[in-house]
Each structure stands twice: as structure tokens, then as C-alpha cells.
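Here is what Swiss-Prot says about this protein:
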- 680-709: domain '4Fe-4S ferredoxin-type 1' (DOMAIN)
- Cys689, Cys692, Cys695, Cys755: [4Fe-4S] cluster 1 binding site (BINDING)
- Cys699, Cys745, Cys748, Cys751: [4Fe-4S] cluster 2 binding site (BINDING)
- 736-765: domain '4Fe-4S ferredoxin-type 2' (DOMAIN)
- Cys819, Cys822, Cys847, Cys1071: [4Fe-4S] cluster 3 binding site (BINDING)
Amino acid sequence: MITIDGNGAVASVAFRTSEVIAIYPITPSSTMAEQADAWAGNGLKNVWGDTPRVVEMQSEAGAIATVHGALQTGALSTSFTSSQGLLLMIPTLYKLAGELTPFVLHVAARTVATHALSIFGDHSDVMAVRQTGCAMLCAANVQEAQDFALISQIATLKSRVPFIHFFDGFRTSHEINKIVPLADDTILDLMPQVEIDAHRARALNPEHPVIRGTSANPDTYFQSREATNPWYNAVYDHVEQAMNDFSAATGRQYQPFEYYGHPQAERVIILMGSAIGTCEEVVDELLTRGEKVGVLKVRLYRPFSAKHLLQALPGSVRSVAVLDRTKEPGAQAEPLYLDVMTALAEAFNNGERETLPRVIGGRYGLSSKEFGPDCVLAVFAELNAAKPKARFTVGIYDDVTNLSLPLPENTLPNSAKLEALFYGLGSDGSVSATKNNIKIIGNSTPWYAQGYFVYDSKKAGGLTVSHLRVSEQPIRSAYLISQADFVGCHQLQFIDKYQMAERLKPGGIFLLNTPYSADEVWSRLPQEVQAVLNQKKARFYVINAAKIARECGLAARINTVMQMAFFHLTQILPGDSALAELQGAIAKSYSSKGQDLVERNWQALALARESVEEVPLQPVNPHSANRPPVVSDAAPDFVKTVTAAMLAGLGDALPVSALPPDGTWPMGTTRWEKRNIAEEIPIWKEELCTQCNHCVAACPHSAIRAKVVPPEAMENAPASLHSLDVKSRDMRGQKYVLQVAPEDCTGCNLCVEVCPAKDRQNPEIKAINMMSRLEHVEEEKINYDFFLNLPEIDRSKLERIDIRTSQLITPLFEYSGACSGCGETPYIKLLTQLYGDRMLIANATGCSSIYGGNLPSTPYTTDANGRGPAWANSLFEDNAEFGLGFRLTVDQHRVRVLRLLDQFADKIPAELLTALKSDATPEVRREQVAALRQQLNDVAEAHELLRDADALVEKSIWLIGGDGWAYDIGFGGLDHVLSLTENVNILVLDTQCYSNTGGQASKATPLGAVTKFGEHGKRKARKDLGVSMMMYGHVYVAQISLGAQLNQTVKAIQEAEAYPGPSLIIAYSPCEEHGYDLALSHDQMRQLTATGFWPLYRFDPRRADEGKLPLALDSRPPSEAPEETLLHEQRFRRLNSQQPEVAEQLWKDAAADLQKRYDFLAQMAGKAEKSNTD
């Protein structure tokens, strides 16, 4: 047996039964594609002895089209997708079904974006394609996901009907469980060679040509559609036979419809997907209580066989609940319910049933909403009611339409040998550690191990909760652990926020990672936690994992330490056995990164065993603090009730009435979150400061702020809040203040690294230095609160805007959930400092939409006048077109308001009317609009003009997204929008990979970089988006890098915004996926520009009107070879260690390519210069 997750299990079968695989990343299906690509890169073979060809496409539409072409020419082909990706495939799925083309698409089912995007699991995507004509087979767990991947492949070849094999996103795709793997011989024996040969014989071939894809007319189209009926009528039998053949080969028997429960059941639940295992557990328990209940598992959903459904349903049943994991607003009911109801009604009408059971329908589990035993008990209880609800929801509290069922207490006995919860911080290694623990237990013991991981959409820095179960029996529990034998808190700050000890079983183990020793930690715990630990009679332990990790050179990665502590305390494996297994796992995971890293992790294991301390339980200390409120009392009511509950992990309990129905949320809620995740924060040493504001500009989270204020504003300042006389001539007589937001800083250290001011006696000391947050937080909180209330600078009064002055303007993008050290967010922050009070932002899906609009807290905020960026996200693929709609509307509204001005011209002073129709700065225009409103306030007929007069204030339209959007999936729209003459500004945050989905290659990925979907190094040069858009001639194009030239960045943004047409800014954005310490990113950015890797330029068509060449090249010719600089990044180093000979050639190719690109730019700029690297 093997321990594996659902995606891995499916990918293994799909890879071995395919010849061509077209891929594109989308959560939660991406890892299937990643593994297929990696296996192909390593030369692994399919069951026929060939290595499948794996190709990444620009979108899911491209992937399915490639599959279509491969199938039409005789290949066995597949792809993997989810959610919006599946929807992009719909037109081609219709074609595949209409052409009776055998093929399997593997889908990790996920929520489709509606009022909000959600990466989590339900059936809304697969239900949106049920009309395409594809057969649909649903797996309920990891074992089924693997097995059905093969059964669907057999059935599609037998039936010629394309199959969608789906399973629940995250709950199955990412659940780790112990399964029986399929051997190559078994797969090969089961694959129907006769049908494979027939598929190949139908291939398009000029040796025996045919025509497909014709355009039909009314005389024959209808008949042709009906001609496929026999093939669909035969699908059920093909699937059943494939399942029987599979059983004969493996011993695992499945049926398209399968009943589980009492043979004379009176109450039955019908559903499909991962919730089946939970229902089976409840059925088992209720059977022991003498109740006649059961569950009917739907596996083959399309074609839907009413005959076989009714054969599987006990004739004794008197009430049925059909559960759908989707919502179809406006429909009579959800899809599975309607199918079941139709089957029963037709059977009754045809005389095949004498009576009809009562059938009720419910929705559950949307967006991975928890569906546990209590939900199943509630449904069975409703089936017993005299008048059950015909339509209901379960798992939420609906106080608006009152559809929800009350949830009883979960009374199921627990048979697990061990249940454990691990609370970690995204990027601290907790999830990876738990995955290793599960695999160690599963692979080295006869026990079954299950792992599931709960996290939000933050890339890093968010809460992660890992669930681990160990049992002597196969684990069916597809729900979260509510009471655990072991709870590990990997971050001290969580003690104040989350109810963790409350989830401990009586006598359970509570392990806390803390800098405080066993002697001092008790008084540091909130009184509530002390009381719970006493109540549970917990065994309480502490370890200073962060200290051990630092001592072993592992930075913030505490996973190795916490893994060893878990095994040491639970003794689920004997101590020496656990140590040996962990050492082996470390060697396997890190050997490619060098033996030194392996040995440092081994050292951490040894120290961890020695460092765990037990803390005796003590009475509640009356001098200890209470758990602080989740948000400040000063927060708005909505934040205190709704946002606070979500921040505390209690959002599941919020009623329907508490939430906005249309997805509209308040701004600026990150200011109330106060994550406190930094171990160290920057402290200002003012006597060394040059007031350059580089630290403020570099800060990814707007957690360092600078202000220039009148001296009197500092008269009542806290003693620890320092200020300096302003050095700049244009601000003489004022005070300069620099201050950190101590609870919002992520501790990335970037500010310290970019600070140019050093102590002459000790260059290690700078004008800002990292110091312990715990030692400084209380004092700095007081300072920051005072700082925020200091007067703001008036942007319009600044003599010039450069990097120094721009950073005195309060940002309207703050404390986002981006990764620590993120290279994207400083650009967005700068935009809001320059134009935030009049910005409209269309944001493509990706990292920037997640840290920009991920609940429960959002970073875009408003100024003192209530103005700020108005932000919206549509989709990944359509952002350019979406933003164009903003521009067209703004222009149209302005035209209408100007028309209304003319209509009331006789009531407006001539001077004001002329001014309103002339150019003006936004500040002046707002004064004019205020004057207009005052002038027409008593004119009742002018209400429309007064209401909409703000349209006269010019809006700054920005279309923001990453390189995956701009270079790949959204390129067609971006290209079209730029081909127009509309005044839109496009900012591409170029990380050179799909950062949000885990670092897959895009067309922006450079030569030689190793990424997911490019495990053996990019073999071709990156697409030059900037140069290609220059070819239009009328587009402003700039390539910038904040770390390379701060002021060039500011200048390019200002020019782009002022340009009266389309503009494109491509901003180099360091990312964690690049594989180096992002604290050093600005230095790396400078070096990359020096090598020619990222030249800086501004292409301004207006320069041609002045008799100049449009292109201004702002960086010098390459002055050094790129190899040394690129090898600072793991994405380039990996190729050196994997394939040194290939890497050596690619470095030469890269140097030549960079030089050629620079020479082309220099020629365009009239600066034909020779490289300094020759």
C-alpha cells in the first residue's frame, strides 16, 4: 500500500494511460499536471513503454483544444482542470461528445466564481457541464479517485463517449490517505486494445482522409444529434462491465449506483462525492440503534440511468433526501434532486412503482463548507419529521429564508487511534511537516493514516490547520477533527486569537512553540487558555522551535523541529524509529539542495528531542491577561461582528443575514487584523537617517510610514516617538517622522537591507535595525497610533514627485496578506500614493487579487475624505476587457454630464462653466464641482447633474495583473485593448511564473529557469511583451524595476498615467518562487538590470512629436555576465545541479539572448553601444 493524495493517485493513472497531455494550472487540480510534467521530464513511461508528451498551454481553452487535436489524430490524450478552467473547455467538450471521441478529463471539482472567487470544493463546475454530452463519473475518496481514473478510461474507449472523471476539490484532491496502488501490468491488462486500435483507425490521416467538423443545415442537424442515442444508451453497461472487470483484477468492486445500509431502509440519503464516507459512518451508527436507514451512492451521474437508480433503491423506502453540492439560483431544484425526482415520477406514471416516497432536496458543502456527522444526523432527523422541508440547506444557519436544518450534537463514537491538529503559519513548514508525518506513519506501520489541510487563500502568512488521523481501519471520515488527542500550536501569537486548547480531548497533549521557558510560560497564557487546559486535564509542553531553527540555520522553517516533538510526545512511533524515519525523509526531501542542509535538519531533530519541556498545570493566574478582543473597540460595527468572527476562525457560525448578498465588502479592514507574525520588527535609529524614504518605498506591507509635519504637531508626542528636522530645502522648518506598524510588519527585513545609512564605526548598524517584536511592540503601538493621527501631507502642494516625496503620501493599500518580502505590492502601494483617491482598478485573478481582495480583510482603504481606489475582480482571462469597460463608462458618463452642464448653462456663472470644461488638476476640479453643487443646490431639475457631477473629476483607470494573465491566458484581450486608443493604464506585475498557483512556467519565464511545468529548465527565451506592444506605435510602454532604479519607476508611472492613450508598464517583481531571501531582492534587482536581464526603458509616442526617438533607454549596456547573478536564485541553481552540461550551454545562450535584446533596444533608442562584458 502507498500513502498518497487524490491528485497524485489520479495523475499516476492518467499519465500511464496517455500519450499526449495538455496542461494549464488552476487550483486545486494543478498538482496533477505538475506531476505529469515532472514524470515526463524524468523520462517515465506509460504502460506501452513510451514517455507521454506533456505540453503547457496558454489557458484551459488552449489545453482542451490541444487534446481535441491529439484525439482527432489518434492519440490517447487527457488534461486536468477545475472551476473556471472547466467552463472555458465547454465549447470543445460539446465537440468531443458530438464527435463520439473517447477521452477522459480529470476534474478536481471546485466552486465557480459568482459574487466572489473561491478556490475550494463543490460541484458547481461539473454541474455546469452536465449538458455537454460527456459522461460523468464521480469518485468519493482517494482510492476511488485512482481506480475511477482507470475505469473511466476503459469505459470511454468502449463507449466512445468522452468522460469527465471528477472528485471533490481539496477534500479528495488534497487529502492524503493509504490506498492500494495500481500496477502497470494490471492497467495494461485492463486497457481495451481492440478499442484503442479502433480509435487509432478513426484518426485523421491523409492516407485515408475524411472530413469532420462540417457546418450542417436544418435539414440534417437534428437527425444527426439523435443518431448518437445508441452510444449513450450503452454507456451504463460499459461502465458496469469495466467495474466488474476491474473487480476481477483487483478485488475492489464498484457499481454505478451502490446502496449501503439497512436492506429494508425507510429513510435514505442519495448523494455523490466525498460526503459519502461520512454518511456511511452515520448509517453504521444508526443501524446499531435499530434505525432503518441507508445511503445510495451515485457514481455514474451522466448518462443518468433511472432504471438502475431505482433498482439500487430499497423498495421499502418511504422518505428520501437528495443532497446536491451546488446551487442553481432560480431553478425548481438542484440537478441531482431533479434527476432522482424525475426517475421516481416516471416509474410511478409507468406503473413500475405502486407508491412514491416523499423526496426532499438539500444543498450542502458549498465552497468546502464543512459537512460532518452532525449534518448527516440532521438530514436523517428531517426525513423523520411529519412535515419535512421540501428544500433545505444543511451546515449553515439561514435566518433569511429559513431553509437551514438545526444541527444536533455529533454523537458518533470515535475509533481513531490518534487524532492530531497542527496550527501553523503559511510558509512556516507546518503543512509540509504534517504531510511527512502522515506518509511516515502510513508507509512504516500497518495503520491507516489520513491528512487534510485547512488554509485560506493567502500565499503565506495565513493560518493553516493540519488534520491528522491514524486508525487501524480504513478511514472514511471526510470531515474535520473537532476534538484531538494532540494539538500543536506552532505560533505563539495564535494563543491570543484562536480557540485551540478548546479542541483538545480530555487528557490530551497541548504543545506550544514559544520563546518562554516552562517556568515562565504559564503566566503569559491568557486566563481563558489556562482555564481550558485545567478543565481538560491537559498534558502541556513547550518548545522554542524558532530558536532551534535559527541555531541550525533553518531561518523560520520550524517544521523539522515540530515534527520531532510530535513523534516524541505521542510515541505513535517508538522514538528511535521516528528519528530514523524523519532522517530518511529529510535526506529524500533536501538532498538535491545539498548535504549541508540535510545535516542542519538532522541537527534540528536531535535538539528538538532534548528541548521539549513539560509545564505543570497551575491554577488560573489572576494577574495574567485575558484573551484580547479580536479587533479594536474602535472598529466599525460590521468589522466587530462579521470580520472579527472570520478572523477568529468562527466564520462558519455567522448567519446568512450577516453577510452581503452581492459580494460588496467594506474597505480598509486589514487595519483591524493585527497579525503580529513578525519575530523582529525594524526600529528607527534616527541619528543615522538620511530621510531618503527608501525603506518606506520598499516595504511590501505599508508597515513603515514617513511623514513631514509642523513642529507643533509633535508637541504631545510619546517620548519614544522621535523626529528630525527636515533636510530637504523645500520643506525646511518641518519635522520628519519615521514609524513602524509593529503589529502589521511581517519581519521581512527588506527595509533594513535597502537602507543606505550606516554607522561609520559599526557598518552592521543602520538607520533602521531589526529588533525583537515582543520587546518593543507595546511602546511602538503607542507611537504608531499617535503617528497615524499626525496631519497628512497635501499631495498637490509638493513641488515635485519623486521617490522621496511620494513616500510621504499616505498609501491607500496597506497591511495586505501578501508574502513577506513580496515584490509586487510596493508597486501597487506607490500607485495608490500617487492616484489612489481617484483610481478604478480592474484586477486579474492571481496573487494580486488574492492579497488585494481575499476575505476576511482587505487592504485597499480610503483617505480622510472617504476617497480611495474602487477595486473589482472579474476573472483571470478577461481582465483587460473588464477594465476597458471601466474606461468606456467613465468617458460616457463624462459626456452626459457635460451635456447636462450645457442644459443648465444659464444657471451657472460663465467663469465656472468655462473652468469646468477646461483642463484642471483633480484637486482643482473637485473644488469646481463643489462650487457647481452649491450654485445649483436649489434647482430641483438639476438633481441628475448634481448627483453625477463627480464624473467631471478625471478617473485614473488601472488594469492590474500578473504575467500569467498578461502573457498567457489574458494576452488576447490585453493585446486588443492596447490596440485601441482608450486611456487605460496596464500594470503587469511580472514574477516570471504563475505565482498564485505555485510557480508554474509562463511565457514570461526566462531561459534556464526551473519551475513547475518546467522541471528541467526553460529551453527557450522569454516573451518580450514590451517590445511587441511598442510595434503598435501609439502605446506608452515602460519596463521598470523598483530595486534597480527607484526614481525611474516613479517617472514611468507618472508618464503612463499622464499619457492620453493606452499605456503598459511591466514591473519586475521578485517572488518567493525565485528561491532566495527576498530581503536581498533590491540588490538582486540592481544586478539583474546590470546584466541586461531586465533592461529599463520608457517608450513614449509623444517624444516623436518633439523630434525625438520614442524610446528612452534608462539602463546601461550589460556590464557583467548573467550567470553569477542568476545563480543567486534557486530557480536557476537547480538546473546547474540537475544537468550541469545543459546549464552551461543555457548560460551561454542566455548571455547571447540578453545582449541581442539590449542591442535591439539600444538601436531603437539611437544608442547602439557595445556590451561591457566582452
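Quick reminder: no glycine exception, Cβ is built from N, Cα and C everywhere.
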Same chain, 6+ residues apart, C-beta under 8 Å of the C-beta of Cys748 ([4Fe-4S] cluster 2 binding site), given in sequence order: Pro700, His701, Ser820, Gly821, Leu1078, Ala1079
CB contacts for Cys745 ([4Fe-4S] cluster 2 binding site) [other CB atoms within 10 A, all chains]: 27
Fewest other C-beta atoms within 10 angstroms, as judged across Cys692, Cys751, which are the binding-site residues: Cys692
Spatial neighbours of Cys699 ([4Fe-4S] cluster 2 binding site) among the binding-site residues Cys689, Cys692, Cys755, Cys819, Cys822 [C-alpha, 10 Å]: Cys822
Integer average pLDDT (0 to 100) for the domain '4Fe-4S ferredoxin-type 1' (680-709): 98
Fewest-neighbour residue among binding-site residues, criterion Cβ within 10 Å, set Cys755, Cys819, Cys822, Cys1071: Cys755
Cys689 ([4Fe-4S] cluster 1 binding site) CB neighbourhood, other CB atoms within 10 A: 21
For Cys699 ([4Fe-4S] cluster 2 binding site), the number of other Cβ atoms found within 10 Å of its own Cβ: 27
By Cα-Cα distance, the member of binding-site residues Cys695, Cys745, Cys751 nearest Cys847 ([4Fe-4S] cluster 3 binding site): Cys745
In the chain carrying Cys695 ([4Fe-4S] cluster 1 binding site), residues 6 or more apart in sequence that have Cβ under 8 angstroms from it: Pro682, Ile704, Leu738, Cys751, Val752, Val754, Cys755, Ile768
Inter-residue Cα distance where the pair is Cys689 ([4Fe-4S] cluster 1 binding site) and Cys822 ([4Fe-4S] cluster 3 binding site), in Å: 24
Other CB atoms, at most 10 A from the CB of Cys847 ([4Fe-4S] cluster 3 binding site): 28
Cys699, Cys745, Cys748, Cys751 excluded, remaining Cβ within 8 Å of their centroid ([4Fe-4S] cluster 2): Pro682, Cys695, Ala698, Pro700, His701, Ala703, Ile704, Val740, Thr746, Gly747, Asn749, Leu750
Rounded Cα-Cα span from Cys745 ([4Fe-4S] cluster 2 binding site) to Cys689 ([4Fe-4S] cluster 1 binding site), Å: 20
For the [4Fe-4S] cluster 1 site built from Cys689, Cys692, Cys695, Cys755, further residues of that chain with CB within 8 A of the site's CB center: Thr690, Gln691, Asn693, His694, Leu738, Cys751, Val754, Pro756, Ala757, Lys766, Ala767, Ile768
Rounded Cα separation (Å) that holds between Cys1071 ([4Fe-4S] cluster 3 binding site) and Cys745 ([4Fe-4S] cluster 2 binding site): 18
